[in-house]
Each structure stands twice: as C-alpha cells, then as structure tokens.
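So that you can see what the record holds, here are the features copied from TrEMBL:
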- 11-161: domain 'Cupin type-1' (DOMAIN)
- ASN56, HIS61, GLU66: oxalate binding site (BINDING)
- HIS59, HIS61, GLU66, HIS107: Mn(2+) binding site (BINDING)
Amino acid sequence: MKVDADDFFFSGLNKPGNTNNKVGSNVTTVNVNKIGGLNTLGISLVRIDYAPYGQNPPHTHPRATEILTVIEGTLHVGFVTSNTQNRLIFKVLNAGDVFVFPVGLIHFQFNPGHENAVAIAALSSQNPGVITIANAVFGSNPKIDDGILAKAFQVDKKVIDDLQSQFWMDNNN
C-alpha cells in the first residue's frame, strides 16, 4: 500500500553528463539506489557520455552482463577473455550498433572521434557493481606493496611508486 509510481521512475537520462574529467566520460547510473522498484528485478541501466577521445576505462562488473547500444557517435569497444588466453575481443561501433560484455570480464569503450558520443547500456543486475582496474590496483587504500605489483607487471618498483603516488594525489585532493 506504500508503493507508488515514483518507486518505479527516474527522470533525467536525456541530460548529458559532465565529461570534463581525466578520462573524458561520465556514467549516469539508474540502479536500485535510484529506483527502489528495481529491487529483486535483476536489471539496471546506465547512460555513458564520452567527450572526444574520452574513454570508459578498463573495468568489470562482478555481478552483471552488460549490453551496450551506441546512440550517437562512434566507439571502439572490447573485452578480454579470461586466463589463460587473455584474448581481446574488439569492435568499432556506430550509432545503432549493440555489443555485449560478458559478466565479470574486463572491458572498455573509447571515443575515437572529434565529436561527443553517447551510449545506453543495460546490466543484468539491479546492483551490478563496478571495479575500475587501474583505480583498484594503483589506488587501493592501503597501497598494495610495490614489490608485489612490480613483479606482477614486470616493471621497476619506481614505476609502481609513481603510479600509486599519482592515483593517491588524484583521489585525495
């Protein structure tokens, strides 16, 4: 008796997000936190705005498959299969094209054009979660030991220290 239409409603997906940031994109999320009526329904939606040369950096959704539709512009999209192949599955998408990112796999989108791009994506969870790979690895708090990361990425510890310092400065200013 306490439920009404507003529990199943969100307004504003028609408004572009602010892409004036380091990655040149903005994700407007419509999940169970925005529409309470999505609870237990297993679906959510996002609008992704991309500035020219903007990207939605490599990330994963631990609880959802994603199906993305390009509304405007062109996007380079891809995902990497799981170990041991680690194969890149890549495609150039134009307005009207659709691409699927399987649950849990690292994926990305990039706008190669001189104009803005827009995509809408549906996810198979009311709360899909997101883990941006670089943020998680280089921006963790506390930091992952630089020796562990240097060995994993086969680079000098100084490279890891520089990356971790940059992520710390970007997220604590």
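Glycine residues also receive a Cβ, built from the backbone N, Cα and C atoms like all the rest.
A TrEMBL annotation is a machine prediction, not a hand-curated record.
In this structure, the C-alpha atom of HIS59 (Mn(2+) binding site) lies 12 angstrom from that of GLU66 (oxalate binding site). Neighbours of the Mn(2+) site: apart from HIS59, HIS61, GLU66, HIS107, residues of the same chain with C-beta atoms within 8 angstroms of the site's C-beta centroid are THR60, ALA64, PHE79, PHE101, LEU105, ILE106, PRO128, VAL130. The CA atom of GLU66 (oxalate binding site) is located 10 Å away from the CA atom of HIS107 (Mn(2+) binding site).
Mean pLDDT for the domain 'Cupin type-1' (11-161) in the predicted structure: 97. For ASN56 (oxalate binding site), the same-chain residues lying six or more positions away in sequence with a CB closer than 8 A to its CB are VAL23, SER25, VAL27, ILE48, TYR50, PHE108, GLN109, PHE110. Recorded residues HIS107 (Mn(2+) binding site) and HIS61 (oxalate binding site) have their alpha carbons 9 Å apart, per Cα-Cα distance. Listed in chain order, the extra residues whose Cβ falls within 8 Å of the Cβ center of the oxalate site residues ASN56, HIS61, GLU66 are VAL46, HIS59, THR60, ALA64, LEU68, PHE101, HIS107, ALA121, LEU123, PRO128, VAL130. Same-chain residues at least 6 positions away in sequence with a Cβ under 8 Å from that of HIS61 (oxalate binding site) are, in sequence order, PHE101, VAL103, GLY104, LEU123, SER125, PRO128, GLY129, VAL130, ILE131. Note on HIS107 (Mn(2+) binding site): other Cβ atoms within 10 Å of its Cβ, all shown chains, come to 21.
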